[in-house]
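Per TrEMBL, the features are as follows:
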SIGNAL    1-25  signal peptide
ACT_SITE  62  active site, acyl-ester intermediate
ACT_SITE  65  active site, proton acceptor
ACT_SITE  124  active site
BINDING   229  substrate binding site
DOMAIN    286-375  domain 'Peptidase S11 D-Ala-D-Ala carboxypeptidase A C-terminal'
């Protein structure tokens, strides 16, 4: 269900979403405005810059719809639906609790998949979410099963969905960590999601309903923000997952249960806290540093059965790490796969390289052969085998002392 290129993100997340934060809940809370659950993440690497209570399973409100959007885009890509398809609105889709966000669709009316997707992304419309869930899976219940299956495949450990919209329901939970991870994967697999979440206002094609974005002020006032999702319920409080480009690098900020005494105050506090994190924390306290150029040799290694003694290895991409500005030294930790042997082609993976910040892994990337590694003939393999044996023997003797 979830795309193959997400495998890289999932693997990285196993390492990078362990307690690998530069700042954590044990340190002084660095912001003026309070939120009970926070996670700040570098989008490219998944490196967590700050977290507070980010592993707790709590009510997520409409941040749920990030998964709804993922499944919709997945269904579009698989050809299960198209943007032009007309969806007949059911009575069940319009039966919502008072005050729930909606486009006021009339049972029996038809709305295109794309307009329902816009309504979900911009207005956070619950009736639109149920309608498209029914269209894809036959019922909202079956759609929710698909949401949970996807969550399991991606590795969301503190997530359980009971509906497609996020209205309060027992055991319907996500953590700030899971929201950030899901946001990262959604943008990676379906970058077009940001085209929808950055829409500031929209009028339905039949002119029945007009609406503005649930975080229009942030989108209008900050050109570096292009999404992603807001949410609010009585149990969840004020929530947001926002993606922002700062100094040419994308970050994901997740806030859940932002504090405030009134409905209006929580919205104001949410936006102010996002601004504080972007400009007074990320932009002021961190910087992105290039630690390795693409195709730059980081090590010369011996490869079993190779034609000659040493071959250059490095990364096929530029590598950058986000670090605190006062962090002046980054040393690579290189691991070579001892099972590899010739022949190898240029670009084949031969190991990995990682960089740590304050003792925590901030980046791990594959190492590649920077040239073809041909296999040696029988005589040469025997010669290099003898050399390796002698080298290993000397190493064993030296280790005795």
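Cβ coordinates are placed from backbone N, Cα and C, and glycine is handled just like the others.
Considering only the recorded positions 65, 229, the Cβ with the fewest other Cβ atoms within 10 Å is that of 65. Cα to Cα, residue 229 (substrate binding site) and the residue listed as 'active site' are separated by 8 Å. Rounded to the nearest whole angstrom, the C-alpha distance between the residue listed as 'active site, proton acceptor' and residue 124 (active site) is 8. On its own chain, residue 62 (active site, acyl-ester intermediate) has 101, 124, 126, 165, 166, 214, 229, 230, 231, 232, 233, 239 as residues at least 6 apart in sequence with a Cβ closer than 8 Å to its own Cβ.
Classification of residue 124 (active site) by DSSP places it in coil, neither helical nor stranded. According to DSSP, residue 229 (substrate binding site) is assigned to a strand segment.
A simple way to gauge crowding: the CB of residue 124 (active site) has 27 other CB atoms within 10 angstroms, across all the protein chains here.
Under DSSP, residues within the domain 'Peptidase S11 D-Ala-D-Ala carboxypeptidase A C-terminal' (286-375) fall into helix, strand and coil as 0 helix, 52 strand, 38 coil.
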